[in-house]
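Chemist: One structure coming up, written as structure tokens, with questions to follow.
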């Protein structure tokens, strides 16, 4: 093969995923070289793109020529080219967000030569099923997106749901995922959940109409930038009193995503039920014990009481 410059351009990224969490800074490594090597400086163009699961382009992230670069969309002010290397191509992403999870293409362009490779960014997080106060299977796709955002989360991807299933998630209600498909994870096959003769796995309804069809949602939340804490009062509080108590403590009433993240990543363990922002009452158990629900760790739910007095879980940013 004859190359335009007399050398072959090679672009390499890590084969293993790069892990990060919400609010952190992360570097997505990308290196290029020539075979045989070229010492002369060349006008190289580096382009980073975020990809869909099928490897088609979802959005532009950054384009750079030398030390001049431009970032796009939600990546403005957060995406930079790491200049420390002899041939800078690695992407430095600051203030990582939930929606940053996914595949990224590093493309290096030298005149007529154009080579690329793909690196995957995965956020450490937790998937939780969400059903709104008005009952099961009431959300179309767009409503599912909104309820997850309201809970400090986003709709989970299939990969995130699969990871949660491999870690023990078992849920018989079908829910929307970020790509508009509907699934549910089963660890223990049973008659109401696809039948006892099907192997454990992710049951799929496939793509559904995003406006007409209605299901629950699987939401994804990452590690917290702050802390969740419990406030109690003799006799408990109403929901409005609970919200005010959090404000008086310099915090806000916690969302469902906050509670799940604190349970998973901070080991939050409290056998007292507390209000959350959506009007539900829940409590997190990291160490199962008598009088605190089932024998497995988890976030227990009392549903959405129309009245009653409870404590409250608050969230405060660090």
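Cβ coordinates come from backbone N, Cα and C, glycine included.
Those TrEMBL annotations? Automatic predictions, nothing curated.
These came from TrEMBL, pasted as-is:
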- 172-193: disulfide bond (DISULFID)
- 271-292: disulfide bond (DISULFID)
- 8-119: domain 'Ig-like' (DOMAIN)
- 126-221: domain 'Link' (DOMAIN)
- 227-316: domain 'Link' (DOMAIN)
Chemist: Any idea what the Cα distance is from residue 172 (disulfide bond) over to residue 271 (disulfide bond), rounded to a whole Å?
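Modeler: That comes out at 25 Å between the alpha carbons.
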Chemist: If I take the alpha carbons of residue 271 (disulfide bond) and residue 193 (disulfide bond), what is the distance between them in whole Å?
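Modeler: A Cα-Cα distance of 30 Å.
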Chemist: Cα-Cα, whole number of Å: residue 193 (disulfide bond) versus residue 292 (disulfide bond)?
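Modeler: Taking the Cα atoms only, residue 193 (disulfide bond) lies 26 Å from residue 292 (disulfide bond).
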Chemist: Sequence gap of 6 or more, C-beta under 8 Å: which same-chain residues meet both conditions with respect to residue 292 (disulfide bond)?
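Modeler: In sequence order, the residues whose Cβ lies under 8 Å from that of residue 292 (disulfide bond) (at least 6 apart) are 271, 283, 285, 300.
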Chemist: So among the disulfide-bonded residues 172, 193, who's got the most Cβ atoms within 10 Å?
Modeler: 193
Chemist: With DSSP helix as H/G/I and strand as E/B, how many residues of the domain 'Ig-like' (8-119) fall in helix, strand and coil?
Modeler: 6 helix, 58 strand, 48 coil
Chemist: With every protein chain in view, what's the tally of Cβ atoms within 10 Å of the Cβ of residue 271 (disulfide bond), excluding that atom itself?
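Modeler: Residue 271 (disulfide bond): 15 neighbouring Cβ atoms within 10 Å.
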Chemist: Please work out the mean pLDDT for the residues of the domain 'Ig-like' (8-119).
Modeler: 92
